[in-house]
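Colleague: First the structure, which I've put down as structure tokens, then a few questions once you've had a look.
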Amino acid sequence: MILFPAIDLKDGQCVRLKLGDMDQATIYNEDPAAQAKAFEDQGFEWLHVVDLNGAFAGESVNGTAVEAILKATKNPVQLGGGIRTLAHIENWLSRGLRRVILGTVAVRDPALVMEACKAFPGQVAVGIDAKGGKVAVEGWAEASRLGVIELAKKFEGAGVAAIIYTDIDRDGVLAGINWDSTLALAEAVSIPVIASGGLASMEDIRRLATPEMRKLEGAISGRALYDGRIDPAEALSVLRAAA
């Protein structure tokens with residue numbers, strides 16, 4: 001079980017949003033690279049990064065900040081937000097990114113995801129962001145009619161490294177993970193699932209360490225880490241003991 005600390009980038013700064021609303025951004029660190037190094041020093045082994053501006057623009061906007069992060073940490077980094085073409089994918093992987101996360105393009109052009117998985121095996125994840133049980137795209141600004149499991153099943157056997165499942169209704173508000181929908185997804189597909197959105201407390205961490213959660217590859221934490229609701233050392237200890 002991997003605990004991924006999150007760095008969400010808006011205008012070059014490390015922020016957290018409430019319910020995916022760009023107008024409800026709290027700045028936590030003006031130096032994302034320093035934050036990345038701090039997470040590494042705390043013992044985390046991965047880093048989850050999202051280019052929020054890029055998610056709306058359809059191309060990387062916070063590239064300078066991402067490059068600084070890659071130079072600041074030795075940890076593997078996965079990046080989502082604005083990655084829509086094979087050229088985008090190749091560009092970031094060539095710069096040292098371990099894994100790209102494809103969200104909107106997974107809905108708009110599933111064939112591109114399949115092609116990317118063949119070209120870059122083990123380095124392509126799919127981000128499924130849901131609101132009210134339906135998949136959202138374009139930086140969560142648009143809702144589709146596609147169900148979460150319906151979309152996920154399109155990529156069975158394609159070589160997708162992981163599915164990062166975000167419940168938008170719980171993101172950034174410390175409401176707790178949507179356990180039912182997350183586990184339903186994990187049970188419906190063979191692709192590893194990473195939970196995102198709502199992780200709120202050490203109680204959630206302890207639940208992640210239970211046998212029923214072994215279907216999950218990990219979980220992403222943002223605001224709970226920044227606000228001190230989750231102690232990094234204790235959380236990592238609990239999850240490693242359950243491995």
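All positions are counted from 1 along the displayed chain.
Heads up, the Cβ atoms here are built off N, Cα and C, so glycines get one too.
Not measured: the values here are computed from a predicted model.
Taken from Swiss-Prot, the feature active site, proton acceptor covers Asp8. Look at Swiss-Prot and you will find Asp129 tagged as active site, proton donor.
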Colleague: Using Cα coordinates, what distance in whole Å links the residue listed as 'active site, proton donor' and Asp8 (active site, proton acceptor)?
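Modeller: Cα of the residue listed as 'active site, proton donor' to Cα of Asp8 (active site, proton acceptor) measures 15 Å after rounding.
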Colleague: Inside 10 Å of the Cβ of the residue listed as 'active site, proton acceptor', count up the other Cβ atoms and send me the figure.
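Modeller: I get 25 for this one.
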Colleague: Which number gives the other C-beta atoms within 10 angstroms of the C-beta of the residue listed as 'active site, proton donor', all protein chains shown included?
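Modeller: Here the count is 25.
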